[in-house]
């Protein structure tokens, strides 16, 4: 069994964290020789701008089973007309990666004390933010300030776009027994696009998934619930592109470090565990961080999501998650988690644990 993975390290810590994820994937191959991973590296972000003048060269492969991304951006490239982040927007749009999945939970309960929330409020937090990724205000019509002191952006959604992301949320909810509740976040009291969103989500669940429940929350009240009692949102949280961008970042601090949280961006339902997807940590490129200090766990867990959702290697993906728990519980941690271990030491420990679990 051979799997083709495009690796886009990106900028700054991107190379370090993708190297550790590759190390863990290679450990799977060592434990299970029938599983082979072929890695093809390409540039993205600032590294691509420096080398080619554009943030995502056209030769980046679209024929892989999945894409593993490190991180893009940094102060060197600023906010000019050519920016590293444009590479991310381009690859999402070109590859049709319409659904961004960001789990919010604790990789280990031993990390509860690191949360900014009191342990009694944070314990048990377990939800997935499902963010619509290729529509809305980030891709709408806009006007820059051309000297007249006026600029604007437009938010546009269609019924098919909202139906598609709703079906993704419903699919994920139905993977559990009993099915998970769905929370839909919008601003329907103000925005026309949110009123269409709410109506379409409601009708899609009612007509296609009557066994599921959906509750609607205004995005501002959901933001308050998230810091006051995050377990109330346990289940599947579905929202549009901009709201999802913001609320998932808010959620990411609950487990105590951005270095822990993975993400997946999918082009189709993972109903056969073979959806094409791009996998990346939730954190940025950390340009100020010294070498070998970044936490690789988020990228390693992103690789675990890739194994389960795109590569049809569910058992191996769960083994990676279990290995991460064991390593964290053993006290092997980077500085962001109060430890003193290096990036490579954490990666080595997870790779070793994976081989032991799969032996």
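These residue numbers are counts, starting from 1, taken along the chain as shown.
Glycine too: its Cβ is placed from the backbone N, Cα and C atoms.
Quick look at what Swiss-Prot lists:
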BINDING   74-85, 284-295  NAD(+) binding site
BINDING   92, 102, 131, 220  substrate binding site
SITE      138  site 'Important for catalysis'
SITE      187  site 'Important for catalysis'
BINDING   220, 245, 249  Mg(2+) binding site
(request) Taking Cα atoms as reference points, rank the recorded positions 131, 187, 220 by distance from residue 290 (NAD(+) binding site) and give the first. (result) 131
(request) Using C-alpha positions only, work out which of the recorded positions 92, 102, 187, 245, 249 is nearest to residue 83 (NAD(+) binding site). (result) 92
(message) Using a 10 Å cut-off on Cβ-Cβ distances across all protein chains shown, tell me which of the binding-site residues (220, 245, 249) has the largest neighbour count.
(response) 245
(request) In whole Å, note down how far the CA of residue 187 (site 'Important for catalysis') lies from the CA of residue 74 (NAD(+) binding site). (result) 32
(request) Write down the Cα-Cα distance for residue 102 (substrate binding site) and residue 249 (Mg(2+) binding site), rounded and given in Å. (result) 9
(message) I'm trying to understand the geometry here, so how far is the Cα atom of residue 284 (NAD(+) binding site) from the Cα atom of residue 245 (Mg(2+) binding site), in Å to the nearest whole number?
(response) 13
(request) Compute the C-alpha separation of residue 102 (substrate binding site) from residue 287 (NAD(+) binding site), stating it in Å without decimals. (result) 23
(request) Could you work out which of the binding-site residues (74, 284, 287, 290) has its C-beta surrounded by the smallest number of other C-beta atoms within 10 A? (result) 290
(message) Using CB atoms and a 10 A radius, I'd like the single residue among the binding-site residues 83, 92, 102 with the highest neighbour count.
(response) 102
(request) May I ask for the distance between residue 220 (substrate binding site) and residue 187 (site 'Important for catalysis'), taken between their Cα atoms and rounded to an integer number of Å? (result) 8
(message) I need the least crowded one of these recorded positions (131, 187, 293), counting other C-beta atoms within 10 angstroms of each C-beta.
(response) 293
(request) May I ask for the distance between residue 138 (site 'Important for catalysis') and residue 245 (Mg(2+) binding site), taken between their Cα atoms and rounded to an integer number of Å? (result) 10
(message) If I take the Cα of residue 92 (substrate binding site) as reference, which of the binding-site residues 77, 245, 293 has the closest Cα?
(response) 245
(message) Residues other than 220, 245, 249 within 8 Å, Cβ to Cβ centroid, of the Mg(2+) site?
(response) 219, 223, 242, 243, 244, 246, 247, 248, 250
(message) How many Å separate the two farthest-apart Cα atoms among the substrate-binding residues 92, 102, 131, 220?
(response) 27
